[in-house]
């Protein structure tokens, strides 16, 4: 549409030239005519998305069956150049990008007649160059996890040959997909435990209602090798953690509602929970800073993680977002930067590479602010790309 | 279900006039005012003073501030053709849901609230609220509003949320 | 409080608060209300007010007593994740399960029901079930073979 608009925009300009030209220099001196344009050309995207690209998941909260992902280039300054393409993700779906496979996985739900008729869930595989759906895997059981957009419902495992999809119906389970054959391998029950975090080479862990992980390791054929419940390490009533984690070199960092962060070693078959440390420096604890938002946490390629923070935390403020993003060095267990946001933030992500950029959804006008993730400097606001509720942001892998 | 602002601002101007919108604009967190700060809005039920011996409940069921919405996250059915405890015509009430408690400031009791979603039509679009008292991430499904609770219904399309009083909470438990 | 409720309350008390086995009416009522409240807060969202369930949540109403015909079945009700991994402590979970059994069983319950004790719950919930569906089918098959009842 933008491309088309742009081309139309040329017409009046050309007309102007035509009407001016004769008076200026006579009909014979007109510039050569425009080349004839082919019909039916469709753009494609590069095999590797540049570091400045992001995937903006607009869950379309006001018309959810029409959710959408915008592929954008944050280095550009005009909407026409920022928007690279879009694809749909129906009814509060979730996505995961694999650069290695050149594919974007989307789990979505359809009813035969819009909001009515039989419900069918699909894994849709989008080719990252054509942004066209290249395959669909039907997901039986009407059970895929459906809720606020989440990075924790899809996981690549087994050297990216498999995809794990979290289900909640409300029985909890995981559907395993073979991405090479594009078919279901198995259904793994995870009773009482939700989400999929990495675990070893061929496994995943889930978070349980009683404050522990359940780690599932899988045989070559996708059947269960073992399922182990770790010791409980927090109380889901008293000091709950967020299900949202930054994952750096096989270690997950899970912030708590109370401002602590739990490191969890996911390198082995069974999740190993380490000692929690405080995100908030002692001198500032009286201000009651704590994480809050939807996409509250992200990691960069320099080994640091970022958390959206708000002061005066209280019961009920944990999803509201915040005015600052704090940057942590997990090795030092210390905050290394504090970025005061230009606008209130609701969800964050950080681009890959050595010069990371921080992208933040602001709930005030649903625009997105871009910051230099190292200096914290505000760079620009990206908005008016057609987005309505960009609740979850992803870096281009 | 949760979030945002200008949207709410635009789409529910009525609501905006009746409840404190500043809080929302400053990031939904500060919306979560204590019960003492809630202005007593139009009376939904006969007040105790008028009818001694009658149950009391005060407030506006189309406002996010309404006491029983203390952990609601989504569109208020009251603004969609239903009410605080009924679904709009032609929708389906989810039998599976989550449960919390809210304090009724009019009688000082905590009540058990069942947040059943109404399903089968697309988002209602009016009176979007986000309050999260006692809300937990979805690993505690009995206490989360982050899940689309249109489960066990023929359609998974989320339309709006109710807040049904299903019991009186026990004191000190 | 109805007669049934009073009976349940008495049972709840004697299983969970042994010190007041002969509890007063007020205590009975309190124990009953506590169990009902805990059911509402922790279980009712999925299991419905009357234990009817929906979707992937099995119907307990009129059925749940069947499991108590065997020790394995008795353990099963504790080891399902909804019970075992709930935020309730052993005493309160015992009370909720006793409440469920007595409120929802209908005539599926044999007359000699021994209420769950907190200590028993504490032991059984150590091993939450992982493959519940298969386990349940197997269990019901065994029970129906044993009793000739068709589940």
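Numbers here mean position along the shown chain, with the first residue as 1.
Glycine too: its Cβ is placed from the backbone N, Cα and C atoms.
TrEMBL annotations: computationally assigned, not manually curated.
Record note: TrEMBL gives B:145, B:146, B:147 as substrate-binding, and the candidate from B:73, B:78, B:107 in that site is B:73.
Taking the Cα atom of each, residue B:117 (active site, proton acceptor) and residue B:160 (disulfide bond) are about 6 angstrom apart.
Secondary structure at residue B:79 (disulfide bond), as computed by DSSP, is helix. Candidates B:64, B:70, B:77, B:80, B:118 (disulfide-bonded residues) were compared with residue B:127 (disulfide bond); those inside 10 Å Cα-Cα are B:64, B:77, B:80.
Per-residue pLDDT, averaged over the domain 'Methylamine/Aralkylamine dehydrogenase light chain C-terminal' (B:58-167), rounds to 95. Across the domain 'Methylamine/Aralkylamine dehydrogenase light chain C-terminal' (B:58-167), DSSP assigns 9 helix, 35 strand, 66 coil. Using a 10 Å Cα-Cα cut-off around residue B:145 (substrate binding site), the recorded positions B:64, B:80, B:98, B:102, B:124, B:160 reduce to B:98.
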